[in-house]
Amino acid sequence: MSNSVLYDVPGPKARRRSFIISIIGGVVIAAGVAWLIAGLAAPRVSVNGAVSPSLLDPSRWDIFTDVQLWLGVGDGVLATLRMAAVAAVLALTLGVLFCFGRTSDTKWIRIPTSVLLEFFRGIPVLLLMLFTLLVFSTGAYWAGVIGLGIYNGAIIGEALRAGVKSLPKGQRESGLAIGLTPVQTRLKIEFPQAFRQMLPIIIAQLVVLLKDTSLAYVIAYPELLRRVMTYLSNYYGNNYQFSLFVIVLAIYLAMNLSLSWLARVVARRTAGGAKGKRGRKDEPVIDMAKLPDAGMGGGVGPL
Amino acid sequence: MDAIIENLPTFLSGFGKTLGLLGLSGSLALVLGVVVAAMRISPVGSLRGFAAFYTEIVRNTPLTLVLFFCAVVLPYLGVRLDYFVFAVAGLTVYTSPFFAEAIRSGVNGVPIGQAEAARSLGFGFGQTLRLIVLPQAIRMVVPPLINVFIALTKNTSVAGGFFVIELFASASVVINVRGDEVIAILLAVAAFYLVVTIPLGLIAGQVEKRVAILR
């Protein structure tokens with residue numbers, strides 16, 4: 001934050017002061033963490049007075065050496081990834097279709113598509129999943145895939161539309177001038193450029209999609225969370241609930257942080273390349289900052 | 001259609017719960033978000049690091065996990081509260097980093113030259129902030145903040161999976177009784193959500209158009 005607008009580059013006195021506050025702040029935060037750990041390490045007394053071992057007690061963590069546990073967790077990860085992958089393909093396909101429909105020259109296509117898009121973007125993903133599950137009786141897996149696919153497809157479609165709109169007019173005109181049909185122009189000239197420009201947003205949206213697969217927990221699809229917290233927790237017993245939750249959390253963080261990191265790398269690359277300003281570090285930051293709810297899931301979309 | 005009219009009280013109470021979740025967790029998350037954003041743009045290193053850590057971790061945790069933690073793991077750890085309170089807490093924690101990021105991007109989006117110009121005119125820190133930086137930052141921040149509110153509206157539906165009978169859960173409740181009118185019921189519930197999200201979206205668009213600064 002060296003170039004924050006709020007304060008100058010600090011001088012020696014301010015630096016010393018901020019160093020002292022830094023230490024105090026650090027101590028306060030460390031004390032909070034220590035308090036938390038102490039709370040977890042204390043033996044648990046339940047309502048009827050029975051004492052059970054603390055949450056950090058080895059008896060709660062010995063399942064980690066069990067291969068069976070990791071196989072179960074692996075199943076959950078696979079189920080989550082399978083849903084995310086299929087939903088991502090569906091979302092990209094639908095995104096292209098939505099973009100076509102939304103920018104169609106025929107108003108009989110354009111207006112219904114726009115209404116449908118507003119509808120899909122305005123309601124919770126969970127409701128879309130429930131709708132698919134109950135109306136088309138698809139089973140939980142496809143309900144999740146279709147719900148996520150439609151919702152994220154709508155957002156990707158809007159992103160693509162913005163990308164197409166931001167292209168120089170000559171791109172389309174030149175395509176038409178050399179005899180390509182409007183559809184060919186869109187597919188061969190405009191989409192490739194729009195995709196490239198919008199890639200960071202699209203990847204960010206795919207991170208959201210991966211995160212949102214956990215919503216399928218609510219419609220009883222055995223993805224990572226349900227697999228571990230219901231099946232494995234029943235198998236190993238109540239004592240391990242906290243430990244199992246920690247595993248799920250760690251896996252989700254690992255998956256999402258690495259994907260977010262990838263999104264950031266791509267953003268930096270494309271922002272540098274597309275505008276010929278390689279080396280300007282603040283470019284992708286501003287791009288991503290424009291979508292503060294990117295990653296929020298159920299967000300209104302980046303645009 | 002009669003399934004909706006008969007069960008209108010259920011839907012309305014669910015809608016009330018949804019609005020309650022939205023209002024409470026929205027305002028609490030806004031406060032928490034301002035605090036986190038302030039920490040993140042402060043000159044103090046440890047606060048900045050902590051805020052960045054908090055933001056990264058919470059942003060990359062699925063909402064389902066956060067609410068699961070609040071509604072299932074916390075009671076297991078001995079915290080006894082109403083599920084509505086758990087849901088508000090979970091949604092607040094989950095939403096706060098998004099508010100913080102929106103605010104931070106707004107404040108950092110004000111060109112440094114503005115503050116420099118103010119300082120070169122002899123404005124003090126308070127004056128710079130009050131007269132130059134904040135008026136510009138706020139108008140850049142409002143539309144993204146509204147977007148976060150819209151997302152939060154839709155996210156409240158997840159609380160329906162964790163023992164809070166809000167709009168989404170009230171749909172499931174009614175469908176259990178009236179399985180013959182699934183489509184009508186779901187469309188009615190969708191309409192309730194749209195009543196909140198679409199106007200908010202229009203407001204965000206209007207604000208964005210009206211206060212946009214041409215640079």
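Placement of Cβ uses the backbone N, Cα and C atoms for every residue, glycine included.
Annotated domain 'ABC transmembrane type-1' per TrEMBL: A:77-263, in sequence order.
If you look up TrEMBL, you'll see A:20-42 (among others) marked as transmembrane segment.
TrEMBL lists A:79-101 (among others) with the feature transmembrane segment. Sequence-distant contacts of the transmembrane segment (A:79-101) (same chain, at least 6 residues past either end, Cβ-Cβ under 8 Å): 109-110, 112-113, 117, 141, 144-146, 148-161, 164, 183, 186, 191, 202, 205-206, 209-210, 213-214, 216, 221-224, 227.
Annotated transmembrane segment per TrEMBL: A:113-134 (among others), in sequence order.
Positions annotated as transmembrane segment by TrEMBL: A:140-160 (among others).
What TrEMBL lists as transmembrane segment is A:198-220 (among others).
TrEMBL lists A:240-259 (among others) with the feature transmembrane segment.
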Sequence-remote partners of the transmembrane segment (A:113-134) [C-beta within less than 8 Å, at least six residues beyond its ends]:
98, 101-102, 104, 140, 142-144, 146-148, 150-151, 154-155, 157-158, 212, 215-216, 218-219, 297-298, 300-301
Spatial neighbours of the transmembrane segment (A:20-42) far in sequence, C-beta under 8 Å, 6+ residues away:
54-56
